[in-house]
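Below is one structure; the comments refer to it alone.
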Amino acid sequence: MNHLLSTASLSTEEIKAILNQARSFLEGEQWKPAEQQFVANLFFEPSTRTKSSFEVAEKKLGLDVIPFDADFSSVLKGETLYDTVRTLESIGVNAVVIRHKTDHYFDELVGRVGIPVINAGDGCGHHPTQSLLDLLTIQQEFGDFKGIKVAIIGDVSHSRVARSNADALTRLGAKVVFSGPQEWFDETFLASGSYEDVDTAIETSDVVMLLRIQHERHDGDDSGISENYHQQFGLTIEREKRMKPGSIIMHPAPVNRNVEIADELVECSRSRIFTQMKNGVFVRMAVIKRALEKNKGGMQSVNTHKKWTIAN
Amino acid sequence: MNHLLSTASLSTEEIKAILNQARSFLEGEQWKPAEQQFVANLFFEPSTRTKSSFEVAEKKLGLDVIPFDADFSSVLKGETLYDTVRTLESIGVNAVVIRHKTDHYFDELVGRVGIPVINAGDGCGHHPTQSLLDLLTIQQEFGDFKGIKVAIIGDVSHSRVARSNADALTRLGAKVVFSGPQEWFDETFLASGSYEDVDTAIETSDVVMLLRIQHERHDGDDSGISENYHQQFGLTIEREKRMKPGSIIMHPAPVNRNVEIADELVECSRSRIFTQMKNGVFVRMAVIKRALEKNKGGMQSVNTHKKWTIAN
Amino acid sequence: MNHLLSTASLSTEEIKAILNQARSFLEGEQWKPAEQQFVANLFFEPSTRTKSSFEVAEKKLGLDVIPFDADFSSVLKGETLYDTVRTLESIGVNAVVIRHKTDHYFDELVGRVGIPVINAGDGCGHHPTQSLLDLLTIQQEFGDFKGIKVAIIGDVSHSRVARSNADALTRLGAKVVFSGPQEWFDETFLASGSYEDVDTAIETSDVVMLLRIQHERHDGDDSGISENYHQQFGLTIEREKRMKPGSIIMHPAPVNRNVEIADELVECSRSRIFTQMKNGVFVRMAVIKRALEKNKGGMQSVNTHKKWTIAN
C-alpha cells in the first residue's frame, strides 16, 4: 500500500523517484490509469492552494473526483475518520487525500483500510507534498542539493514542513540552518541544522525559505512577536539587497504580506513563491500515480464475500 | 416520468427489474447515455455515504454532476424547492437527486417539473435506494426472498427504511419481524410484521437488520433508552454467538459502535455492512438509468416557445 | 486579455458577436478547446442559478471545473482576492468566474493577473452575463432591438442589471423607461431612460422587465414599501390583462412570488422567466469561449523562469 504519510518515511531514492516523475509531468508526460478511478479529497481544515492543486493534479490524470464537504458529512453524526474512509473505499473510491488538524490522524487508518492515504497535512506534523514541491523547486534551480545552503526562517515549531524539509534536505546533501524567534524554535531541530541569526542566514544562503506565521496554531498570545516581526525577522527590502547573487526566496503561502516578507518582494525576480505553487501540481500527480500503481495487489476488495465462520 | 419516490410506489416487477439491472452493473455491464447528460444532487441534510454513492454511480454512468450547496444556494434568499428544481431544469439538468428533512417534499414537484426526481431520503418517510440496496444484499446472499426471515431491530419509528423494507420484503415473499424498544414501535407496523423479543428475533432470523438510532429525529429525551440500549436491544458479542448458521448482519450505517452493534462485530464474517454500501452504487446506477431512459417523452422542453395567448 | 467585467465595457459589435455565438450554441454548435482547460467559479455570495448555469456552460464546453468553496478557503486565513486568483493561475487554472459583494472587486485584478476574469456579479454594480442573457431573450422574441420599448420596473437602484441593461438596450436602438418606487430610483438613470408611472409602463411596453427586490442590499428598513409593493408596483393579474398583445414578461429570478409578480403569472404564456435561465447557459458558453480564445497571447506563464536580476 503506497500511502504517503510523511517525507521521513520516504527513502532518498523514493524522494528522487517522485521528483523525477514530477519533472516528467512538468515537461509534458501524460499518464492516465487504464480504467476509471475515483479519488476523494477530505479536507477538515480550510485550504485553497493545496486542495485546488490536488484537484488539478487529479483531473490532469483523468481521475474522477468525488466531492467531500467536511461540514456537511456524516462526521457531523459522529462518524469516525476510519468509518468515513472505509465507506469511501466500499463505494469504489481508489485513494483518499486527507488534511486533518490531528497530528498523526493516519495512525487509525494505516493497515486497516484498503486504499492509499495521501497526507495533505496533519496538525503541526507533516505535509509531505509541500516538502516535495519545495525540494523540486530547489532542484529545478540548482540541479543538485549538494553544497546548497538553505535557511528556514520563522515559525519553525508550528510549521508542517520545517522539520521534514530540514531532514530531507540534509539527507540529500544540503546544509540547513534555522532562524527566526527563539521562542518558536527548540533544540529538537538541532539534529538537522544549527540556529543562525537572521541577517547571517539571509546573507549566506542559496535558498531563503520563509515560513508562514501559523497564528491559528498558536495557543497563547503572540502579538508581542508579530508586531515587530517584519523588522526583526522578516525579509525586508533592505535584507533582500544583501542576499547572495543567484539565491532565491521561497514561502509555502498564503503569505502574510509585510510580515514574513515585504509586499514588493513577493513577486520579485528572486521569488519562487508562485513557481512553488505550479510545481505542487506536478508533485501531486507523481504522488497520486505512485499510490494508484501500487494499489493493485492491495487488500481484499470489500465485495469479496467472506466465508461465513461460526463465532465461538 | 420515472421518478423514484418510495419503494411502495414500485410494483414487485419493477423492484425485480431494478435489482436485475443493479446486478448487471455489479458484474461489469457498462451503460452511458448517448448524449451529455447533467444531474444535480440536492442534499439539504448532511450525508457522506448516500451523497458520495450517488456521485460515484453518476460518474460511472458518464454523467456530468452539477454541484449544489444547500448552504450557499438561493434557498437562502427564500427560493422554494419547486423554483430551485425548475431552475435546474431550465439550465439543462436532466435529473435531480434530493434529500430533504420534510416528509413528502416531493409532493410539490410531482406533475409540475419536467425532469425525474430521485428521492434520497425525506423526513422520516422514505429512502428507496437504501431499501433497494438492502434487498439486493439479501438477494445476493440467499438467491430468493421466499422463506427468508428478516428481523428489523431498533429505532423502527424514526427509520426511513423500516416500513418500506418490511413492506417490500413481505411482497417479495419474506417473513418480517420487528424488535427493539416498544416506545419506538407502533401498531401501524403490524401490517407487515409482528413484534418479537430481541433474543428470539436474533436467534431465529436469516437476516438481522439493525437500525441506526436517529438521535437527530427524536424530539424529546431518549437518554434513558440509549444508556442501556446495547445490553437490552443491541447485537452484543454474546447474542451474535446464538445467531443461526448462515445468517447475516445488516445496518444502514453510519453505525453507532457499541450501541446498535458491538464494535468487534461491525466487520465480522457475518456482517454485510460494507457490502451494503458497495451495492448501493450499483442500485443507484440502475435507478438513474431508469430515470433517464424514461425521460424521453417527458414534459415539453422549457425552451419550446409557448404560443402567445391573450389573457382574458 | 478578454475579461468580461461589465456590459458597458463591450462595444455594440462585441455584444452582437456574443449574442450570435450564444444563438449558435443554442442551435447545437459544439466547441471544445484543443487541450484540457481548467476554470474555477469563485462565488463569495449565495447563488443557485448563476453558479449552476456557469457550471453547465463550462461542462458543455468540456472544461474541467475546479471547486472553490469561499467558506472553506484560505480567504479565511486573510488571503486577498489577488493572491487567491494568482494562486489559481499558478496551479494551471485558465479562467476564473467571480461573484463578490464588493463593487469593482476586479480593479485589483485587471492588468495584474494573467488569466481572464468573468464577472458574475459585483456589489450593486454589474452582472454582464445576466444583461447579455436578457438581451438574447429580447432578440430571440423580436428579432431586432430597434423600436422595441422596454420597461424596467422595481428596485432599480439596487439592481445589478438595471443600469447596464438600459445602457445596452439604448445603444442597440431600443427605448427604455423605468418605473417602481421613486425611493429606489435616482436621476443618474435618466441618461438612458425616463421615469413612467407603472400602469403606463406596463400597458405600453413590449418587454416588462421586473426587478427582484434586493432586500439583502438595502441598508435600512424597507418594510413600508414592501408591504404594499405588489398592489402599487407589482405585475398583478389585473395589470397583466392590460399588457400589449405580443408583449413579454421578464425577471432575473429568484422571484419573490406575489411581490414583484403574481404567483399565477410566473409561468404564464407571456413569461420568459425560465427561458431567460435557459438562455443564460448559452450566453455563458459564448463568454467563456471568448475568454479562452483570446487568452493565448496573454501574460507570461508563471512557470517561465524569470531571469535573475540583482536588486539595487
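Even glycines carry a Cβ here, placed using N, Cα and C.
Remember, TrEMBL labels are computer predictions, not curated facts.
Marked as domain 'Aspartate/ornithine carbamoyltransferase carbamoyl-P binding' by TrEMBL: C:3-140. Per-residue confidence over the domain 'Aspartate/ornithine carbamoyltransferase carbamoyl-P binding' (C:3-140) averages out at a pLDDT of 94.
In the three-state DSSP assignment, the secondary structure recorded for C:Arg99 (carbamoyl phosphate binding site) is strand. The number of other Cβ atoms within 10 Å of the Cβ belonging to C:Arg99 (carbamoyl phosphate binding site), over all protein chains shown, comes to 23. Annotation source TrEMBL lists carbamoyl phosphate binding site at C:Arg49, C:Thr50, C:Arg99, C:His127, C:Gln130, C:Ala253, C:Pro254.
Feature annotation from TrEMBL assigns L-aspartate binding site to C:Lys77, C:Arg160, C:Arg212. Around the Cβ of C:Arg160 (L-aspartate binding site), the same chain contributes C:Gly121, C:Asp122, C:Gly123, C:Cys124, C:Gly125, C:His126, C:His127, C:Gln130, each under 8 angstroms and 6 or more positions distant in sequence.
The annotation domain 'Aspartate/ornithine carbamoyltransferase Asp/Orn-binding' is assigned in TrEMBL to C:146-288. Summarised by DSSP class, the composition of the domain 'Aspartate/ornithine carbamoyltransferase Asp/Orn-binding' (C:146-288) is 65 helix, 23 strand, 55 coil.
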| Interface-proximal binding-site residues, chain B, C-beta separation under 8 A, candidates C:Thr50, C:Arg99, C:His127, C:Gln130 | none
| query | Among the binding-site residues C:Arg49, C:Thr50, C:Arg99, C:Ala253, C:Pro254, whose Cα is within 10 A of the Cα of C:Arg212 (L-aspartate binding site)? | reply | C:Ala253, C:Pro254
| When the domain 'Aspartate/ornithine carbamoyltransferase carbamoyl-P binding' (C:3-140) is classified with DSSP, how many of its residues are helical, how many are strand and how many are coil? | 61 helix, 23 strand, 54 coil
| said: Beyond the listed site residues C:Arg49, C:Thr50, C:Arg99, C:His127, C:Gln130, C:Ala253, C:Pro254, identify every same-chain residue whose Cβ lies within 8 Å of the center of their Cβ atoms for the carbamoyl phosphate site. | reply: C:Ser47, C:Ser53, C:Ala120, C:Gly121, C:Pro252
| message | Let's check the environment of C:His127 (carbamoyl phosphate binding site): how many other CB atoms sit within 10 Å of its CB? | response | 24
| task | Just jot down the residues in the same chain as C:Thr50 (carbamoyl phosphate binding site), at least 6 apart in sequence, with C-beta under 8 A of its C-beta; none if empty. | result | C:Phe43, C:Arg99, C:Ala120, C:Gly121, C:His127, C:Thr129, C:Gln130, C:Gly280
| field | Cβ neighbour count within 10 Å of C:Gln130 (carbamoyl phosphate binding site) | value | 25
| query | Taking the Cβ of C:Pro254 (carbamoyl phosphate binding site) as the centre, how many other Cβ atoms fall within a 10 Å radius? | reply | 20
| said: Counting across all protein chains present, how many other Cβ atoms fall within 10 Å of the Cβ of C:Arg49 (carbamoyl phosphate binding site)? | reply: 23
| remark: Cβ contacts within 10 Å for C:Arg212 (L-aspartate binding site), all chains included, total 20
| remark: For C:Ala253 (carbamoyl phosphate binding site), the nonlocal same-chain Cβ neighbours (under 8 Å, six or more residues apart) come out as C:Arg49, C:Arg212, C:Ile273, C:Gln276, C:Met277
